[in-house]
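Asker: I'd like to ask some things about the structure below.
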Amino acid sequence: MPSLADWRSVTPMLMFCILTFATADFTFGLDTGTFGNLQAMPAFLNEFGERNAAGKMILNTNRKSVMNSVVYLGRMVGVFIFEPATERFGFKMMFVFLCAVQLIAVVIELTSKEWIQFTVGRVLTYVTIGLIEAVIPSYSAEIAPAPLRGFFAGLFVPLQSSVGMLTSGVAKAFATTQGKVGWIIPITLQGIPSLIGLSLIWFTVESPRWLLSKGREEEALHNLRRLRNQRDVDAGIPEAEIEAIKSAIAYSNSISQGSWMELFTGSYWRRSVYAAIMFMAYEAGGNQFYNAYGPSFLVEAGLGSKTFIYGIIVNLFGAIGSLTTILTTDTIGRRPLCIIGSASLVLWDCLIGAFGGADDITTNTQKQNIMVASFILLIFSTKVAFATHSFIVTTEMGGVRMRKKLMMVGAFHDVLWSFLTAFFTPYIMKSIHAHIGFLFAGIAGIGLLYAIFLLPELSGRSLEEVDELFEKPRFRWGWQYKGVVTTGAGAQIANLERHDAAAHADVETGKDGEVGQHIVEVDDDRKY
C-alpha cells in the first residue's frame with residue numbers, strides 16, 4: 001500500500017485529471033455488466049429473442065454466440081487505432097473521440113427493432129471499450145508519481161466492478177418486466193458517463209511525457225507543475241523531472257524509433273509473450289465466462305430472479321478484490337498477488353465444473369450455494385490476479401518508447417481471448433454444460449505457472465528503468481527483478497518521483513546525443 005508520504009504528492013489537479021478520465025471506466029463496466037444481465041431478462045428476450053419449442057422466449061445458441069462475440073471486432077478496431085491516433089492527437093482528443101463514439105452507439109441500440117441493429121450498436125460500443133482499456137491506464141501511468149503508478153493505472157478495475165453492482169441492481173428492478181422499458185433504461189444509462197466526461201475533459205491537462213515527445217517543452221513543464229504539489233514546484237522538482245524525461249526520450253530515440261518489428265526482437269519479444277499470457281489467463285481463466293454468460297447460466301441452474309441479487313454480491317466482491325489489489329500491489333508486489341489469485345482461480349473453476357454440472361443442480365440447494373460461492377470467489381480471485389495486473393504490468397513492461405505498442409499487444413490478446421471464449425462457450429456448454437469449468441481451470445493453471453516463474457516484479461520502478469531491467473541481462477526469472485539496482489536515467493526519474501531530497505539528478509548528454517550513465521550515491525549505500 002502506498003505510504004502517507006506518497007499520498008502527500010497527490011494534488012487536487014492530479015485527482016481531477018485521473019477521475020475525469022476514469023468516467024470512461026464506468027462506460028466499460030456498464031456495457032459488460034448490462035448485456036450479461038439482459039440475456040436473462042424477459043423484456044430483452046421478448047424484443048430480440050425467439051420462441052422455442054416449449055413456447056419460451058430465448059436467444060438460441062447461434063444468436064447468443066454472435067451477439068456476445070462479434071462485438072470484439074469493434075474492440076479490436078479500438079485497440080489498433082489507439083497507438084497511432086494517441087501518438088498523433090494526444091490523450092485528451094482520444095478521450096473526446098471515444099465519448100462521442102459511445103453516444104452514437106447508445107442511440108443505435110435504443111432505436112433497434114432487430115437484434116442485428118442492436119449488435120451493430122454494441123460493436124461501436126466495443127470500439128470505445130478497446131480505446132478505454134488502453135487510453136485510461138496509459139494516461140494515468142504517464143501523469144502519476146512512480147510510487148502511486150500501480151494504484152492509478154489499476155484504478156479502472158475496481159471502478160468497473162463497482163458499476164457492475166449498479167447494473168445488477170437495475171437488472172433486479174426489471175427482472176420480471178415484460179415491456180420495452182425493461183431493457184431501454186439499462187441501455188440509456190450507458191450514455192451518462194460519456195456526457196459527464198465530455199463536460200469535464202476540457203479542464204484537464206495533457207500528458208507531459210506526450211507533450212515532450214512532440215517538442216512542446218514549455219507546455220509540458222506547465223502541466224507538470226500543475227500536477228505536482230507546491231513544495232515540489234518550489235524545490236524545482238518538475239524542472240528536473242522534465243530534463244530527465246527529455247534525456248530518456250532522446251536516448252531511446254537515438255537507439256531506434258520503436259518500430260512494430262521490435263516487438264519480435266531483443267527483449268521485446270519476451271515482453272510481448274508475457275503480455276499475451278497474462279491476458280489469456282485473465283479472459284479465458286473464467287472471467288469472461290461469468291461476464292458473458294454468468295447470469296443466464298445461474299437462471300438455468302434454477303436460481304431465477306435471485307440471480308441478479310447474487311450478481312450484486314459478485315460485483316461487490318470484484319470491487320473489493322480489485323481495490324485491495326491496487327492498494328497493496330506496490331507494497332506486497334505484483335508476483336505474490338498474481339500467484340495467490342491464480343491458484344485460487346484453479347480451485348473455483350474446478351468447483352464450478354464439478355457442482356454446476358450435477359444432474360440435480362436445479363433442485364439441490366447445497367450444490368447451488370457452492371456454485372454461487374465459487375462464482376463470487378472466482379471474480380474476486382480474478383481481480384487479485386490478472387484483471388488488474390495485466391494492465392499494470394503490460395504498461396510498465398513497455399518502458400517509455402514501446403509502452404503504447406506493448407499495450408496494444410496486450411489489448412489485442414485481451415480481445416482475442418474474449419472473442420474465443422464468448423464465441424465457443426455456448427457450443428461447448430451445449431455439449432458438456434458446466435463441466436466447461438475444468439477447461440477454464442486448465443487455462444488458469446497456465447497463468448499460475450507464468451506467475452510463479454516468469455512474471456517480472458516492477459513495483460516502484462519508473463517507466464524509464466524498465467528497459468535497463470530487461471536488457472541487462474536479457475532473461476531473468478520473475479523473482480530476480482526485485483533486487484536489481486538500476487543506474488541510468490530511469491533511476492534518476494524514479495528518484496525524483498519518490499521525492500528523495502538527498503539525491504540529485506545529474507543529466508549529461510554525450511557528443512553523439514546519447515545520455516551518459518550517472519551514479520549518485522545516497523547515504524553511501526544507495527545507488528541510482
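Residue positions begin at 1 at the first shown residue.
Backbone N, Cα and C define each Cβ position, glycine as well.
Predicted automatically and left uncurated, TrEMBL annotations should be read as such.
OK, TrEMBL features for this one:
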| type | residues | note |
| --- | --- | --- |
| DOMAIN | 17-459 | domain 'Major facilitator superfamily (MFS) profile' |
| TRANSMEM | 12-30 | transmembrane segment |
| TRANSMEM | 89-108 | transmembrane segment |
| TRANSMEM | 120-139 | transmembrane segment |
| TRANSMEM | 151-171 | transmembrane segment |
| TRANSMEM | 183-205 | transmembrane segment |
| TRANSMEM | 308-327 | transmembrane segment |
| TRANSMEM | 339-358 | transmembrane segment |
| TRANSMEM | 370-394 | transmembrane segment |
| TRANSMEM | 406-428 | transmembrane segment |
| TRANSMEM | 434-455 | transmembrane segment |
Asker: So, taking each listed stretch (12-30, 120-139, 183-205, 339-358) in turn and counting its Cβ pairs to the transmembrane segment (370-394) that are under 8 angstroms, which one gives the highest count?
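Answerer: If we count Cβ pairs closer than 8 Å to the transmembrane segment (370-394), 339-358 scores highest.
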Asker: Over the domain 'Major facilitator superfamily (MFS) profile' (17-459), what does the predicted model average in pLDDT?
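Answerer: Over the domain 'Major facilitator superfamily (MFS) profile' (17-459), the predicted model scores a mean pLDDT of 88.
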Asker: Under a Cβ pair cut-off of under 8 Å, which of the recorded stretches 12-30, 89-108, 120-139, 151-171, 183-205 contacts the transmembrane segment (406-428) most often?
Answerer: 120-139
Asker: Is the transmembrane segment (434-455) in contact with the transmembrane segment (183-205), using at least 3 Cβ pairs under 8 Å (sequence separation of 6 or more) as the test?
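Answerer: No; fewer than 3 Cβ pairs under 8 Å.
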